[in-house]
Each structure stands twice: as structure tokens, then as C-alpha cells.
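To start, the structure under review is shown below, and the notes come after it.
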Amino acid sequence: MPGMMWTPELALLRGFSTEAERLVWKQEGICGSDIGVFLELLLEGSYEALFFHSTTQTILNSTMMAEEKIDSYLEKQIVNFLDCSTDLEEIERQQLVFLLGVSSLQLFVQSNWTGPLVDLHPQDFLPSGLLEQFSEVKGLDAIIMGLLILDGESVYSLTSKPILLLIARIILVNIRHKLTALQSLPWWTLRYVNIHQQLLEERSPQLFALAKNCIDQVMKQENLFEGDSGRLLAIQFHLECAHVFLYYYEYKEAKDQFSTAKDISKLEIDLTGALGKRTRFQENYVAQLIVDVRRKEAVPFSCEFSPAPTPQECLAKNLELNDDTVLNEIKLADSERFQMPDLCAEELAVVLGVCTNFQKNNPVHKLTEEELLAFTSCLLSQPKFWAIQMSALILRTKLERGSTRRVERAMRQTQALADQFEDKATSVLERLKIFYCCQVPPHWAVQRQLAGLLFELGCTSSALQIFEKLEMWEDVVICHERAGRHGKAEEILRQELEKKETPGLYCLLGDVLQDHSCYDKAWELSRHRSARAQRSKALLHLRNKEFRECVECFERSVKINPMQLGVWFSLGCAYLALEDYGGSAKAFQRCVTLEPDNAEAWNNLSTSYIRLKQKVKAFRTLQEALKCNYEHWQIWENYILTSTDVGEFGEAIKAYHRLLDLRDKYKDIQVLKILVQAVVNDMTDRSGAVASSLKGKLQELFGRITSRVTNDGEVWRLYAQVHGNGQSEKPDENDKAFQCLSKAYKCDTQSSCWEKDATAFKEVVQRAIGLAHVAMKCAESKSIPQEAVQTLSSVRLNLRGLLSKAKQNFTDVVSGEVSGELASEIAAVNALEAELQDLSNQLRNRY
């Protein structure tokens, strides 16, 4: 690309020109030319007028025309103009085509996102000979929407003026290699990607690859981002990149882009607390959550290069709550202290971006909702730009729909937002200010949100009317199914199929009837290009536990479109059911690549690795799972087992603590045995460190466990082992071991029926003997004889109790002797009891 940038490119990117720029254009002779007219129309928002211009007619019309597909015709016409026109210089031809591409994209956005309605038809700029191939405009639209299918994903059926997106695609994508004079071209291609993707049912790998390529190219154009103008454009660019990355599950890259935009803006944006009132009758100020925005530098951006605010009467109205108790907004005790600086368009877009990133990276939770509402209040406190106002209000309505006091406002507000599209009071130029930084949804998505809200409120008839008008048949089916009108859903789908057969309708019919033949029909109708058909067929197989067939269909679906997160997850589950752990590992690996914070996918991936005996990989994947979900006790349980398997004993101890946080009386004897064995036997862990260094941490863990699980003798015995089991050289360790073993013995003797079962009785006797030996060792180290005697007396009582129970339960009636199988144990107890008596007497003599 040439080093010098065409001067109008920066103005086009920001959506308006400065006086200085217009003066330069005049000096360069742009103003009086066709390029000057195109440029003026674009910057005025008169995109339709550009299509009636004679130059556009020349580019798109041809008197010599063979029968051919509309996309190849348009591409050939535009390429012919670029290569063969003799009236203009090559660079001028490139500039005109580029301006036509930008205008097509902007007009398409107006037709489907911002409004007001566009009065432009294909016959206004295409030759009649070409249009004669189609019986009506709808026929042409259907052909074009077929051409806009990517990776087997269909375009929304009521997309308006798809011819405009096709022209934009041809210029900004197909022939972009011919527009070498335009340095901002890849940025406009990125904007096209963002728009086209929002029309598709699923994410398109083709579009994502194109987006990444465009981002790399723009990053190399350093002269785009020079000076004050460049700084503001840099903020816009990084925000646009962030939204693209976010949509394609690239959360880390998105976060980095949002951070870069925030750094360039030099804003400090923090969630904080402030004293305030939320209700009309609240007497005292209490802590409220707010967003505090500060500038790091006192000097704001130059207003010359930032869009001028839109008059408030032209913005979507922020409706009052009209509640008799809750205030419309929080009333702060010290509002001046938290007064937000007067923000420009780019700065407000940064606040919105931080809000969006926060929403995507936090769980659905009441606290998260409150934090997001704080962001919307912040944004709505400075109503200046249509796109930002729309985005903030749409988010607020989603958050308020679950509140009984706010749901009525949410419905009224959503209706007002849906009506914005047809409102002609606000020009498209005002609506497009900062538009690509805000991810405003298309107008049908807003109407769909309204219908969903109406359905939740029980207004099923009104919701159905909207869904049917939008031809959102899946939602229509859901409405009827939930209302129990199963036959009605089938009837509507068959009526639509009589009008026109589409793969999507057959898939929906298959969902209703649970009939594989419908999916097969959709597959054939799509010429084996419908990822949805194979996806739906696979899900039916999965529901019927036909895992082999399910896997085959899912594999076909992801081959067409590998960016289907839910399909990879379900495919992994199907492979697990088939015990094909290699297949499940591959599927869940793709799943976590697409969505790195999917804890369940990480957990299932680790399960696959465990079954494949790749335990180190399992350990690492579980670490990732826990980063995503710190509260999931099943993941922690898998983690603790895997940690002990691979020798990560320190991690196992941490995991056990976390499980005690999550499940108060959690207990896993097997894990505790492994940890005790590792510490007592001084084993080495995975990194080569000796486990004995963990002795203190393990003792701390047992202290916590035994404070909650007090009645398990095995736990107390393991705790005693950590303290040396009474064989330590340290008297205090032996004392602790004795205490643990005493409690273990108490637990054993409090269990039921042990005294009547010879095997169980023998085991208790052996433990009592062991406890007595530890008591004797402890007594030896006591400096105070009375304490030593007390220790020995407690175990003597245990032994006497056992002798009594043996005599009571295991004495032969004829001989009067204790049962032979216990004879040796009873003899040992008698001898030990006598020894303890002698030792106690000796100690008493020291009093």
C-alpha cells in the first residue's frame, strides 16, 4: 500500500469531516468531482442518493448482459469499471468503488439496524434485463440470501435489502486486492464482517478468519492512529476488535482490546460504593453500588475529531419507573463527589465496552445484575448518542425483566426501542455515530426481545403475533408447545412449507415431530450444506441414546461449521457414552478452545484424559476448569483425586480445604490415607520435593476436618499417624497422637454391635492394646507423676471394660472360659492391665 493516505479516509471512518479537512479537499480538487459528490452524500448520510448517481448507474448497469448469477454479474461490472474505464485515473476509480462499498454497507445497516426505513429498490440501480430473471423482488432476495450463506449457516429470512450487503461483500471482500490505494479498506471489511455475522444462526469460521486478517492489516497502518484524530480512531478500532473477539469466544483477546481502548482514553472506571437512597420512604442513606468514572488527565480530547452529541429529543427516551416506592434512580448523599466528567462519544463507548466485557466474564448472578445496572445508570446519565443510548437501554430492559417492580418499565421501554426503527425524527447520520463500537442489535432482535417479554408476562397472543410477523418460527413453535398446543405448531410449519420449502422449516418440523425424515429432507434440500440439519438429527439420536448415529451426525455438522460450541460439547458427551475417550477428548478440547471459561467442558476433558490414563493432562485441565468455576464441588472432587494420582500432594490439601468450604462435612478417607502415607513415608511429589514438608499443612487440614467430622475413628487414627502415631521422639507429638487415638477408640466403641461380633471385638481389642502402649510411652515423658497416672488410668479403664464385655458375650457356657478365637487377645489384655497397674503404683510412690 502507498505511504500516503487518501485524506477523506479518516473522515469516513469517524463519520464526519472537519473544516480543515474540507479545505484540504477543496485544494486537492476533490469537491467538484464525482468523488466529491460521493463523499458529500456519504458524509450527509444520503446513501440512497448515491445509488441514483450516474456514476453508480454506469458501474452497475450493462447493456451487454448474458444470463448469469447476480453476484458474478455485479463483480464483473465492478472489476470492468476498475480495469477498463478510460475517463478516470486508476486511483480515482478505486476511490469511487470504495465509496460505493462503504455506502452499500451503511445503507444496509440503516435498513436492518438503525432505521429509518430505506426507500431504495434493486430496479433503481440494476438493469431490467438482469431483474427479468426473477418474478418478484422476493425471488431476488431469496437468491441473494442463498449467496450470503456461510459455513452452512443461513441468513435471517426477513433481512431487508440483502442486495446492499452483497455489493458491500463484493467490494470489501471479493475484490479488495484491487483497491490498493485505500489504507482504511481492511477496517471497513472488518465492519462488514461484524454486520454479516449477526445475520447468521451460528458463528462463521470464514468470517472470523477474515476478521483476524483485517485486524492484523489495520494494526500495520500506523498513520491511521496519528495525532488527536488518530487517538480517538484508535479507541474506536480497539473497541470494534474487542466486540468481534468477544463474539467468537476469544475472551482474552477481547479483554486485551478493551483494556487498550481504556488505556488510550485515559479513563479510570471503577465499581464502588456510595451512600444513597433507593426508595422514596428511605430515611437513612445506605451504601449503594455505582460506577465511578474519572479522567487520569485533566485535559479532555479535542472535540474537533469527536462526533457532536445528538439533541436529546432525537434519542431513544429513557422511560420513568413510575413506581410508588422505588426511585427512578439512586439519590446520592454526595452527588457532587461522584459527578462524572463530560464524556465524548469515544469515552462513553469505552464505558459501555468495559460494561460488556464485565457482563461476559461474570456469572449470571444477582450481584452481577446489580453491577451491570450501575453501568447502565452511569451511561444513561449522559444521553448523547443514539447507539450508546440504545445499547444501555436494551441491557437495562434485559436486567429488569426479572424484577416485579421494574418489569412493567422493561416492557414499555422495549416497546419504545422497537418503535425507534420506523421513527423518522432522527437522521441515520445521528444514529450511526459511534455505531460500530456499540453492538446495537438488529431491529428484529429488539422486537424479538419484546415478544419474549410479553410471553413471559402471559401475553401469549401478542407475543405470537410478533414472532409470526418476524417469521421466527422456532419461537412460534416454542410458544405453542409451552401452551400445550402441539398440533398447532405442526400445522403452522406445514402451512409455511406449502408456501416455500426451506431446510430451516423442515428442521423445526423435525423438532416438533421428533422425526428423522424431516431432518433428512432438510439435508437434501440444502444440498448437504446445512449444519443445522445434522445438528438437529444428532440431538434426536442423543435423546434416544443412539450414540453411534448421534456421533456421525454431529461430526458432519462440525465439518461444515467448526465454530458450534454446543455441538462440540454434545459430541464429547456422546463419545463419553460410547467410551471412546480419544473422541471425547478431541471434542471437549475444541469446546474449550472456543470457550476457554467453560468449566464443565474442562471437567469432561479431564475425565477423558483420566480414562486415557493421561493423568498429568487431566490435572492441568482440571486446573483450568477451576479457574472458570470455583464453586463446583464435583470439579474439586475430581481435582483432589487427580492431584493425589499425579503426586501433587500440596494441591490435594488445598483442594480438600476448598471442599470443606463447599460441603461442610466432606470426607474422603482414601485421599487422606494417600496424603498421610506421602507425608509419613517422606515420598517425593511430582516436582521432586519431599512431602514431609507438608506435615504442618496436613495437620492443619486434619484439625479442620476433625472439628466437623468428630465421629469417624478412621479419621482420628490417620490424624494420629500425622503426629507420629505415638512413636515420635517429641513428647508433645506423642501426646497429640494419644489424644487422637483415644478419640478414635471412643468412636469405635460407640458404634453398634461390635461387642457381639468376634471379629469386630478382636479389632477393638487390638486397637485398645495399641492405645495402651502409646499411653505408656506418653507417661514416661511426663514430668508430673499425677498426669502420667491419669493417662494410664484412662487406658486401664478401657482394658477392664473390654475384659468385662468378653466375659459377658464370649464365655463358653460349659467350660466357663473365654472363646478360643479371642483367648490370645484376652490374655494379652490381662497381662497389659497388670503391667499398667504396676507402672501406676510406681508413679504414685513419687507423689
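Positions of Cβ are set from backbone N, Cα and C atoms, glycine also.
Copied over from Swiss-Prot, here are the features:
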REPEAT    457-490  repeat 'TPR 1'
REPEAT    496-529  repeat 'TPR 2'
REPEAT    531-564  repeat 'TPR 3'
REPEAT    565-598  repeat 'TPR 4'
REPEAT    600-632  repeat 'TPR 5'
REPEAT    633-666  repeat 'TPR 6'
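Remote same-chain partners of the repeat 'TPR 2' (496-529), defined as residues 6 or more beyond its termini with a Cβ less than 8 Å from a stretch Cβ, comprise 142, 149, 152, 154, 157, 473-474, 477, 481, 486, 489-490, 536-537, 540, 543, 560. Residues 157-158, 407, 411, 444, 447-448, 450-451, 496, 504-505, 508-509, 511-513 of the same chain lie 6+ residues outside the repeat 'TPR 1' (457-490) yet bring a C-beta within less than 8 angstroms of a C-beta in it. Listed as Cβ neighbours of the repeat 'TPR 3' (531-564) (distance under 8 Å, sequence separation of 6 or more from its ends, same chain) are residues 151-154, 201-205, 208, 248, 503-504, 506-507, 510-511, 514, 516, 519-520, 522-523, 570-571, 573-575, 577-578, 580, 583, 590, 594. Sequence-distant contacts of the repeat 'TPR 4' (565-598), counting only residues of its own chain at least 6 positions beyond either end whose CB sits under 8 Å from a CB of the stretch, comprise 249, 251-252, 361, 531, 535, 538-539, 542, 545, 547-548, 550-551, 554-555, 557-558, 604-605, 607-609, 611-612, 621, 624, 627-628. If you average pLDDT over the repeat 'TPR 2' (496-529) in this model, you get 95. The repeat 'TPR 1' (457-490): residue composition by secondary structure is 25 helix, 0 strand, 9 coil, according to DSSP.
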